[in-house]
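Written below as structure tokens is the structure these notes are about.
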Amino acid sequence: MSLPFNLKMFHVLISLYVFSAGFVASTDPVCEPIKIETCHDIGYNVTAMPNLVGHELQQDAQLQLQTFTPLIQYGCSSRLRFFLCSVYVPMCTDKVPEPIGPCRALCEDVRDKCQPVLQEFGFPWPAGLNCSKFPPQNNDKYMCMEGPTDRKGRPDSHLRIPNRNSRPSIKTNFERKVPYIRNMGNHYGMCRNLRHSDQYYYINRTQRCAASCTANINFTLNNKDFVDDWLAGWSILCFLCTFFNFLVILLGDYRFRFPEGTIVYISGCFNACAIAYLIRVFAGRYFTSCNIDPQHNASILIQEGLDNMPCTIIFVILYFFKMATDGWWLILCITWYLSTNRKWKQERLLGLSNIFHLFAWGVPSIFTIIVLVMRIIDADELIGICYVGNQSRENLLNFVILPSVLYMCAAFIVMIMGLLPVRPSDNYSSVQTHPIEHQVPLSQDSVMSVTGIYMFLYWAPLLSVFGTNVYEYINRDQWFAESSVTGPVVEVFSLRLFMLQIMGIASLFVICSSDAKRKAWQKVLRLIRREKRPVPSFLKNQQQTVNISSHLKTSSNGTRATSLSSHSKRSNGETVV
């Protein structure tokens, strides 16, 4: 059954209306988030399809874009990635009815640099990227993106959409500083402003540039080999000296007294730090300071140490016990002041032992937990040691320099108070009240003098390490700048490694100056010679008492027997008579 002519015409008109309505609607772009990972972090995050080469779906654009990955990795132009993304996922905004693509100047600049590379491999410049179809410039008539500058300049000047009478001005996040790339290998992001930028990878997760694990940015291989040997030598020596201290304490019946007793804890902290350094030495720098980044599938210098367990362990040991060392040194200064200047008794100092332990171990624990929670552990290039502040000036200031300043200021105040003369009235009354307590044995007085020397000498490595940290904090940005021609002095960092362990070695002389050294040596020599252990004096006295009593008993029995025999003889004589 055929329809009347009027109905047929009505059906055609309705179809034309629906088609035209759909066509008109299709001219207004529908913005959608960019799903292609290559085009993340380019300054905008929404696009509209179809793109400038006719793709209706982002999946199709992604497949086409992946064919340019080798060219991007080759690094023929630092603007290539942005140019390709502006073509395959052009910027979309509800202020403008059509997607915004690249300007012709951007296309020509990329083509001039990358076309010779394609020709070397036998490929022509793609027809879909013909520069003549892009707007010649960004103006009131044509809107386009000029792209990031190929030289060092303002990165926010590549997108300027002019005001039109019919449209309000468009403000995008291009006004902010965005990470552009300098593709020298598969390195992304804002690494172009860094020295030896071809040895960096831009990490989207952290939005930072990470150096390759094998990169030699500020130090040469010879520098690293020298520091490895330097670290191994001093770490072994520090470990042996502090371990010998433990033997002296265990075998010598060491009597813990303040203030010299705090050096026992200082020695233990240095021993733990030496163990951490030795872990790094024997495990190797790459095992303890590098990690595989999943984004680039490449080995990078660690920025978040929690992903590498050896790195985390080394950081916890070094950071915790280094800060605990400074804490016990401050307690050494306080107890020295109280015992020498204020004339506190030993029992009174021991009464504060819990407070001392809470301070010495509690403060490092809090700082260590904060660093772990913030995930700011990083590795350094020269030594391959995980710490905090190796790659961040801010973290170096907040978690390394400032705590050292606080410890030093507190110790300085206490030591100045200890050097001030004691008021005669207080000293005289104290001696008169407790005259026996102030009769210090000569051996204890010598130990106190050695302890004071150690306390004052501790300033030398402390100030040296502090100075190297400040030196690194001031100059780090200059060392890593693209225009830098000078780098750090390796001898400064070698000095820091030495100063971090020298006081652990020096603690041997303090502990060995006590009476425990003599007792420990006697036990060690007896073990070596396998001599018979001498009988203690109190047992000797008991044995002598027993011998004397038995001798007296024997003598009395003999005397009694003699008297009895003489008595019997006398009786017999009387009977005979």
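Cβ atoms are placed via backbone N, Cα and C, with glycine included.
Heads up, TrEMBL stuff is auto-annotated, nobody curated it.
Sequence annotations record features per position, and here TrEMBL assigns signal peptide to 1-26. Taken from TrEMBL, the feature domain 'FZ' covers 26-147. Annotation comment: TrEMBL describes CYS31-CYS92, CYS39-CYS85, CYS76-CYS114, CYS103-CYS144, CYS107-CYS131 as disulfide bond. The annotation domain 'G-protein coupled receptors family 2 profile 2' is assigned in TrEMBL to 224-515. As annotated by TrEMBL, transmembrane segment applies to 230-251, 263-283, 313-338, 358-377, 397-420, 453-474, 494-513. The annotation region 'Disordered' is assigned in TrEMBL to 550-577. TrEMBL lists 550-566 with the feature compositional bias 'Polar residues'.
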Cβ neighbours within the same chain of CYS107 (disulfide bond) - under 8 Å, at least six residues apart
PHE83, LEU129, CYS131, PHE134
Between CYS76 (disulfide bond) and CYS85 (disulfide bond), how far is it from one CA atom to the other, in Å?
16
Report, as a single number, how many Cβ atoms besides its own are within 10 Å of the Cβ of CYS85 (disulfide bond).
26
Given the transmembrane segment (494-513), its same-chain partners at Cβ distance under 8 Å and 6+ residues beyond its ends are 226-227, 230-231, 234-235, 237-238, 241-242, 244-245, 248-249, 254, 260, 263-264, 266-267, 269-271, 273-274, 277, 322, 325, 383, 446-447, 450-451, 454, 457-458, 460-461, 464-465, 468-469
So, by DSSP, how many helix, strand and coil residues make up the domain 'FZ' (26-147)?
52 helix, 8 strand, 62 coil
For the transmembrane segment (263-283), distant same-chain residues with Cβ under 8 A (at least six beyond the ends):
228, 231-232, 235-236, 238-239, 242-243, 245-246, 249, 254, 256, 310, 313-314, 317-318, 321-322, 324-325, 328-329, 332, 360, 383-385, 451, 454, 500-501, 503-504, 507-508, 510-511
CYS92 (disulfide bond) to CYS144 (disulfide bond): how many Å between their Cα atoms?
11
Cα of CYS85 (disulfide bond) to Cα of CYS103 (disulfide bond): how many Å, rounded?
13
When each of the disulfide-bonded residues CYS76, CYS144 is scored by other CB atoms within 10 A, the minimum falls on CYS76
Test the contact criterion for the transmembrane segment (453-474) and the transmembrane segment (358-377): 3 or more CB pairs under 8 Å, pairs 6 or more apart in sequence, then answer yes or no.
no
